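Let me begin by presenting the structure, written as structure tokens, before commenting on it.
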Amino acid sequence: MNKVLVLMGGTSEEREVSLKSGKAVYEGLKDAGYEVEALDFTPETIHRIREYSPDVVFITLHGKNGEDGTVQGYLELLGIPYTGSGVLASAVCMNKVITKKLLSYEGLPTADFQVIKKRGFNRDLFNPDLLMEDFGLPLVVKPATQGSSVGTSIVRKRKNIVPALELALSLDEEILVEKFIAGTELTVTVLGKDNLKTLPVIEIVPKNEYYDYESKYMPGMSDHLIPARISEEERERVEEISCKAYDAVGCRGYGRIDLILDRGGNPYILEINTLPGMTGTSLVPDAARAAGIKFPELLDLFVKMALEK
């Protein structure tokens, strides 16, 4: 029997979400027949990973110092297999600026964007009209390295542009400003390393203005429609683009690609999640259920893929 250590918690703004994911994974792995331990991961407890002598580490950390390649690199040094993508893909996908640049280079569709850095930003000298000329209104403001929509704003009025920039810059050294694309929010779970497979496409219908933190983690705040209300041609295109994006950044094991399908049926990649949530309201478990895969079976698959790396 393989021994699995579940890493949860962490020190990022997404700590509470990580704890929920970790607890769900802990129980699911026990149901799958594994010997399971759990560790609330902090700088003070990192040394205990070796003490557990796990065969596999199941990472349910979200955000900085967990999803960004740092923990993955530490586990590589220890020689312990772990779930999800490796160091490079984790680091790339944690940074939305680098991800956007890479996707654009690969010719994959993503919304027009501009990068603003904290260094040199002066609210008194900044001219919001320049962003409005490039993107119009509404526009989207995101911190580069936050997850779960933390610090993200959809700005519909000129007077709210600078406050949205300041909010995002309070959380990060650089931020993204994107053209807002109206349409259908979709997400695709991709599995594997070489022979990629996808789980059913999910359409996300948030109760709030967009798929924000509350919509993601509060029960009843979003509907996950499976199958998505899109044509077969659109579904195939979305799956194809998702697999190309997953492969372009070097993901392995599993990941979730978030997209928007505009009103003309054109898909745009929003984000690539290398450690998507595993809570009771999370999308990946929902997609697996729609494919006939129970939660313990899904976790068992992730562990086996980690051991095959």
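For all residues, glycine too, the Cβ spot is worked out from N, Cα and C.
Taken from Swiss-Prot, the feature domain 'ATP-grasp' covers 100-304. Here Swiss-Prot flags 132-187 as ATP binding site, drawing on sequence analysis. What Swiss-Prot lists as Mg(2+) 1 binding site is D258, E271, and the listing cites sequence analysis. Taken from Swiss-Prot, the feature Mg(2+) 2 binding site covers E271, N273.
Where Swiss-Prot records a feature, it is marked here on the structure.
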| residue | record | DSSP (3 states) |
| --- | --- | --- |
| M132 | ATP binding site | helix |
| L139 | ATP binding site | strand |
| Q146 | ATP binding site | coil |
| S153 | ATP binding site | strand |
| L167 | ATP binding site | helix |
| E174 | ATP binding site | strand |
| I181 | ATP binding site | coil |
| D258 | Mg(2+) 1 binding site | strand |
| E271 | Mg(2+) 1 binding site | strand |
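Its Cβ taken as reference, L139 (ATP binding site) is surrounded by 25 other Cβ atoms within 10 Å in the chains shown. In terms of local Cβ density within 10 Å, N273 ranks first among the binding-site residues S153, N273. Here the binding-site residues are Q146, N160, and the one with the most other Cβ atoms within 10 Å of its Cβ is Q146. Averaged across the domain 'ATP-grasp' (100-304), pLDDT for the predicted model comes to 92. When the Cα atoms are compared, I181 (ATP binding site) and D258 (Mg(2+) 1 binding site) turn out to be 13 Å apart. Rounded to a whole number, the distance between the Cα atoms of D258 (Mg(2+) 1 binding site) and Q146 (ATP binding site) is 15 Å.
In three-state terms derived from DSSP, N160 (ATP binding site) belongs to a helical segment.
Nearest neighbour of E174 (ATP binding site) by Cα distance, taken over the binding-site residues D258, E271, N273: E271.
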